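Taken from TrEMBL as is:
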- C:ARG48: NADP(+) binding site (BINDING)
- C:ARG125, C:SER126, C:SER127, C:ASN239, C:ALA240, C:GLY280, C:LYS295, C:PRO296, C:VAL297, C:ALA298, C:THR299, C:ARG321: FMN binding site (BINDING)
Protein chains: 4
Amino acid sequence: MAGNSYGTLFRITTFGESHGDALGGIIDGCPPGITIDLEAIQFEMSRRKPGQSAIVTQRKEPDDVQFLSGIFEGKTTGTPIGFIIPNTNQKSDDYSHIKDNYRPSHADYVYEKKYGVRDYRGGGRSSARETASRVVAGAVAKQMLPEIKINAYVSSVGPIFLDKSYQELDFSKTENNPVRCPDEEAAVIMEEYIRDIRKQGDTVGGTVTCVIQNVPIGLGEPVFDKLHAELGKAMLSINAVKGFEFGSGFDGAKMKGSEHNDLYNIDGTTKTNLSGGIQGGISNGMDIYFRVAFKPVATIMQKQELLDNKGNITEMTGKGRHDPCVVPRAVPIVEAMAAIVLADFYLINKTY
Amino acid sequence: MAGNSYGTLFRITTFGESHGDALGGIIDGCPPGITIDLEAIQFEMSRRKPGQSAIVTQRKEPDDVQFLSGIFEGKTTGTPIGFIIPNTNQKSDDYSHIKDNYRPSHADYVYEKKYGVRDYRGGGRSSARETASRVVAGAVAKQMLPEIKINAYVSSVGPIFLDKSYQELDFSKTENNPVRCPDEEAAVIMEEYIRDIRKQGDTVGGTVTCVIQNVPIGLGEPVFDKLHAELGKAMLSINAVKGFEFGSGFDGAKMKGSEHNDLYNIDGTTKTNLSGGIQGGISNGMDIYFRVAFKPVATIMQKQELLDNKGNITEMTGKGRHDPCVVPRAVPIVEAMAAIVLADFYLINKTY
Amino acid sequence: MAGNSYGTLFRITTFGESHGDALGGIIDGCPPGITIDLEAIQFEMSRRKPGQSAIVTQRKEPDDVQFLSGIFEGKTTGTPIGFIIPNTNQKSDDYSHIKDNYRPSHADYVYEKKYGVRDYRGGGRSSARETASRVVAGAVAKQMLPEIKINAYVSSVGPIFLDKSYQELDFSKTENNPVRCPDEEAAVIMEEYIRDIRKQGDTVGGTVTCVIQNVPIGLGEPVFDKLHAELGKAMLSINAVKGFEFGSGFDGAKMKGSEHNDLYNIDGTTKTNLSGGIQGGISNGMDIYFRVAFKPVATIMQKQELLDNKGNITEMTGKGRHDPCVVPRAVPIVEAMAAIVLADFYLINKTY
Amino acid sequence: MAGNSYGTLFRITTFGESHGDALGGIIDGCPPGITIDLEAIQFEMSRRKPGQSAIVTQRKEPDDVQFLSGIFEGKTTGTPIGFIIPNTNQKSDDYSHIKDNYRPSHADYVYEKKYGVRDYRGGGRSSARETASRVVAGAVAKQMLPEIKINAYVSSVGPIFLDKSYQELDFSKTENNPVRCPDEEAAVIMEEYIRDIRKQGDTVGGTVTCVIQNVPIGLGEPVFDKLHAELGKAMLSINAVKGFEFGSGFDGAKMKGSEHNDLYNIDGTTKTNLSGGIQGGISNGMDIYFRVAFKPVATIMQKQELLDNKGNITEMTGKGRHDPCVVPRAVPIVEAMAAIVLADFYLINKTY
């Protein structure tokens, strides 16, 4: 109940800190007979892993996933899929600078207050390294739902926004640049900006947009477990996320009903899609799209105040290899969490 | 599993359509010995009920809650609290205009596709009437946590925004006007705007801001069940919600780490609060604040196209008594869902 | 989390004490389109209700169930089915004899220690009256699974055992006598015995056997949620139950593997069925059968010691109208809980 | 949802087949600050492991547990405890004899019908090897509740019964003999019997009795989640279990209320304890005791019929190294599951 599981029928439970021997997880509820492409899973891992480009953290972690159960002769058997991702890059660091200190806008302080104890060698469970396990589960979920297409991409970096709707984009280009923005021009500007920010020893936030296509009608439950409510929770559970909106989102709150209503075509599709593919919490077959806001990474390479556990304010300059901007590596995590949510609702929908 | 429950330890399960004899629910997990003020509960109901002012729907529903169990001699006994809210205003309407038709941006179409059947006499479970049960549960949750202060208010109506931070507002004024905006000047403009919209037979969206004060440090779980992720889900599960942001929200995504980090005071409080009272998914004792976007109500009093179940596009002018703007009545619902989330995490936190 | 829900996908949540206005519950997860026969539900209620014959408690409670939602035009809609059962027989009793006293082998003492408070007007949630809600849910579950046949009957009363296997019995005779034993001769002896016990002011235990036929292959999950583990929990959750065994049961523990193994026929059925229709936690298509042990009712009409809340031992002779033997009225409850378990696993199995 | 998790707040999720690289699990919800004695955990593993004595299977598996997270500087941190148990004894066997065959009273047939696929190299999830992960979790649960004493022992082997009540036994002697019966004389006879059975190429069932002492008053929930209902489910989820009874058990069903009621002492303890330490589903502070029936192991070393997947009856003599009697190795598993149940209710009880 410490909240390390997600989903009801397709259910992922994760474990692991950044500085133990391994992290990993268990995927329960995956139906039998799903063909598993291990290379495709490892590809998703490589999209999330540190050190993949010049604009992300330069830590080197291969993030190789080892499956221990649940797959036999290339297919799922219906039994739980256990996996581990060894931690290969645990340097015997000197942690004295964080052991007794609470870094601003990190979870150090609340962890110590809540648990009375803290594995000070890293961020513990609040480390973004935990999301590696989510990417594994998401990759399995994607293979369970091959007809559904999930494409996330970076839609803003700091003040730089991609001013195109998703319909104008070619998702096949997302992986062509380290920012993961499918618009080449915008990507160049964003990358430039991130390089600048890094030189300043600073960090910057951004947004990720996710588009889900080819979703069957009927996924989602009408009251508390609305499809967009669960997508929202899934996204907000990713490190550094500050906001979620789908369809017309916050802009929709400015509109009139006569502008906002999506009129029907005779085949049940709609002429507009301000609803974002979801009506009353249930997918209506139109594209689902949403936007996720990420704050700037808290660890900066500038001198900053911090609080020690004796109640003194001290100063520290961030050390280590951190991301100047989190959104390029967040793209596969957003897709993974979306896939997990859809896989769960897909199974629930089979019970009607 | 059709998703009519919310919460793990403090758990609300609801039932009821807008056109049955009653709706209601069961609150399970409320600790024993909590003094229950029935008038305070009924007051919350009156904030949500139809017909309370000139700018909301003119349906008349008293929304009287009847408790059937779990309270004895004025206190909770620890057993489940069952309650019903009779439906007193079910007119024997002619439903032929909706029986065979799918209204734009309503859930009619997806319900029929998902369930193969639909109680066409109203919105069924997608009716906002369902939220009456949430308000009951939220009112109990508030009484369970008397030290925590939850104040929501309308922060925008259509294009009209309240340009003050919550610190500049006096929450005791929220109930002084039908819009539930604690700033009197803004409230007048918003009310005017809603009256205009109604005259046009149109509707308009808006936003609700919620501020939670005096929260103990340590509520929330670090991975999937982050406090803000659960708050986000709770808000997104309310009818017509399109977005959620907390703390710096979407604006935070434009900022640099050097601007965004909340530096500590020596007592563990922070000088700024862009984090919105939550670090790594766990409350840090600072004010929690978030913003919720509501789309305009889909039922408008203008002529509109709709789809019938034979695949024809027809036309209809909305009938009935509907809200021109949903946010004034959404304020107590936002507070109720926030209270339910906090009550649940409060109990979970007792297990450490 | 106070444990008032049962099931994962087909899920019943109940509320209500014996002395409130009503008890009731919510059935969530029932698929849409199930035709509901209200008379059949009320018939199950009448099998459980007090006052139905000379050998059960003479309290008069009509136990009429009122459905408030989830059923429309005679069919389930897929939305939660809310229902209440009004308490019509709450006499304004003098409760002083139990208010300050702990009756032996009742839950009075543990309730007061656990909750610090107790609704002393009756057994609260430990009253067998709570099972009325289970019978409603079970009756709905039976209608959801019309092909599955669930037949329970009284197989022993005190020292009197029905010495026939279930294959020798005609279940259509179970309702022919007040004991609910399908063997007429045994029923007469059992009834006689219960009458004697009642004259002595005493009570007696007994066992109920339940046979489930026509179960599809594949219900149940292989590890923690084995079909028989869930059936066992469901039965042990019924008031006064002390034991559960299925298939060969405790006798099977005396046997050798060469005697116990069920050899196959070529169609996958087995020549013997010591397994009781379940292999590795999963139904194999053979008859499921199990036996449930009920202790004697604790309230006896003889003088007995009890403990008061000041630490004194006092004496009391039981008052009120209680069952001399619980098993005749337990038969429909056993069937109801079995139906709920099967309905849940049936839905879970649809997700593979 | 394939049921590989147990518990609500103290929650174990397991994975792994007998023939993968490893099995393992995740313990979620263990409070922080619990001192973990790794040797004590390994000792429990050694009680369950194969090859420990002449009367159990002669397979050699060291069953070394490796913890990957959640423990830091010798204490739990409150984060999930991930662990693996490598499979070191996977011989590259010839599985053709079971690949296409369904062994009697094994789960082969139902697995293939349910999942459409089966890892035929062993019992898959129905292998008793899965219980190794339960023993790990149970050992952690025991360390979380050091004041509670859980002692299980073998109380019968086939027709040989230990004719002493648990009060007459010295639990410190349970580990003195390979049968795990604390009565030396009975142990000798049981051991002899098992050796005989093995020589015959046969197997035999038995019962395990478990006694839990020093339980605080108040564990368990009054309706569906009664303490004994959950204990029953936990035990019935162990491989080969056919029955569960607590307190007076099936014998209680023969008794009268005047004999069965446990009268109080002035301190709230009871003079007798036919209730088995549980009233209305809640612990009353008296000793909890229950009995678990295990069927004989299905794999015998005699010629037996089996069904192949083409619908033919063939013959096979069991191969491999199997237990002639499962109960000696079941003792630590029974204790482990009891500890897990108690740990969960202990945490739940903290929320009142």
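Each residue, glycine too, has its Cβ placed from N, Cα and C.
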The residue listed as 'NADP(+) binding site' and C:SER127 (FMN binding site), Cα-Cα, nearest whole angstrom: 14
Site diameter for FMN, Å, by largest Cα distance between C:ARG125, C:SER126, C:SER127, C:ASN239, C:ALA240, C:GLY280, C:LYS295, C:PRO296, C:VAL297, C:ALA298, C:THR299, C:ARG321: 44
Residues near C:ARG125 (FMN binding site) in space but at least six apart in sequence (CB under 8 A): C:ASN4, C:GLU17
Other CB atoms, at most 10 A from the CB of C:LYS295 (FMN binding site): 29
Against chain B, in sequence order - binding-site residues C:ARG48, C:ARG125, C:SER127, C:VAL297 with Cβ under 8 Å: C:ARG125
Around the Cβ of C:VAL297 (FMN binding site), the count of other Cβ atoms that are within 10 Å: 25
Separation of alpha carbons, the residue listed as 'NADP(+) binding site' and C:VAL297 (FMN binding site) (Å): 16
Distance from C:ALA240 (FMN binding site) back to C:ARG48 (NADP(+) binding site), taken between C-alpha atoms, in Å: 15
Against chain D, in sequence order - binding-site residues C:ARG48, C:SER127, C:ALA240 with Cβ under 8 Å: none
DSSP-derived structure type at C:ARG48 (NADP(+) binding site), helix or strand or else coil: helix
